[in-house]
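Below is one structure, written out as structure tokens; comments come after it.
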Amino acid sequence: MKLMDVRVSGLNVWITDKHILKGISFKAQPGTVTAIMGPSGSGKSTLIRVINRLIDLIPGARVEGEVWINNMNVMKEDPYNIRRYTGMVFQEPNPFPHMTIYENVAIGPKLHGLAKNKKELDEIVEWALKMAHLWDEVKDRLSDYPHQLSGGQRQRLSLARALALKPRVLLLDEPTANIDPVSTVKIEQSIVEYAKEEMATVIIVTHTPQQAARISDQILFLYEGRVIEYGPTKELVLRPRHELTKKFLGGEV
């Protein structure tokens with residue numbers, strides 16, 4: 001099992017002439033969950049899109065500073081190599097609509113040659129669906145299509161698809177923002193279990209302090225593109241040092 005950390009140093013991002021991220025630095029370790037927390041428009045989603053080079057797809061984006069995944073310089077590495085080790089789950093569920101539940105989870109391992117035969121592929125699919133807390137709900141309907149699932153189930157299917165490749169770095173952009181409370185709890189459980197059991201580096205964007213407090217080991221609090229506070233979750237939540245952090249935790253900003 002290869003352990004991979006994420007290190008960000010002096011990161012600045014502009015989109016056309018707008019300065020989105022301003023001097024961001026932090027480190028995320030294997031076996032931990034890092035929550036990037038802050039109000040809408042603080043640059044949270046932009047930050048994780050730099051880590052897996054999705055920033056390249058945004059017209060007018062310019063990046064300065066350093067981002068490392070282990071010994072890979074993210075901004076100089078081939079994006080394909082970066083994405084071999086990183087998984088991504090977005091805010092909106094995005095399973096492949098014309099593939100079955102089984103095919104959605106199996107497609108990644110098949111393309112990357114992770115299974116020698118059908119039995120091994122079946123085992124990967126079952127493991128990923130169990131890790132996403134979806135297996136018990138779909139094990140007898142693997143040939144169904146995503147439109148036959150609820151929104152929360154579709155999001156857990158998106159998570160299972162990402163987990164099937166066992167990414168060493170898992171990035172999640174507000175994955176529970178638009179789903180039901182039951183699926184939210186299950187996805188939060190999956191995130192923590194995956195980080196701990198697979199010693200993966202997990203980074204989740206959230207605008208909800210309560211979610212950050214429940215699942216993360218450390219919090220990076222962003223406000224208007226700057227790091228306001230960064231540290232262990234319990235310490236930051238119980239003893240915030242900055243007035244803006246106190247206000248955000250109290251629902252005032």
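Every residue number used here counts from 1 along the chain in the order it is shown.
Even glycines carry a Cβ here, placed using N, Cα and C.
Here Swiss-Prot flags GLY38, PRO39, SER40, GLY41, SER42, GLY43, LYS44, SER45 as ATP binding site. For 1-249, the entry in Swiss-Prot reads domain 'ABC transporter', with the evidence type sequence analysis.
Positions of Swiss-Prot features highlighted on the structure.
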| residue | record | Cβ neighbours (10 Å) |
| --- | --- | --- |
| GLY38 | ATP binding site | 29 |
| PRO39 | ATP binding site | 14 |
| SER40 | ATP binding site | 8 |
| GLY41 | ATP binding site | 12 |
| SER42 | ATP binding site | 24 |
| GLY43 | ATP binding site | 23 |
| LYS44 | ATP binding site | 25 |
| SER45 | ATP binding site | 17 |
Other same-chain residues whose Cβ falls within 8 Å of the Cβ centroid of GLY38, PRO39, SER40, GLY41, SER42, GLY43, LYS44, SER45, the recorded ATP site, in sequence order: HIS207, LEU222
For SER42 (ATP binding site), the three-state class that DSSP assigns: coil
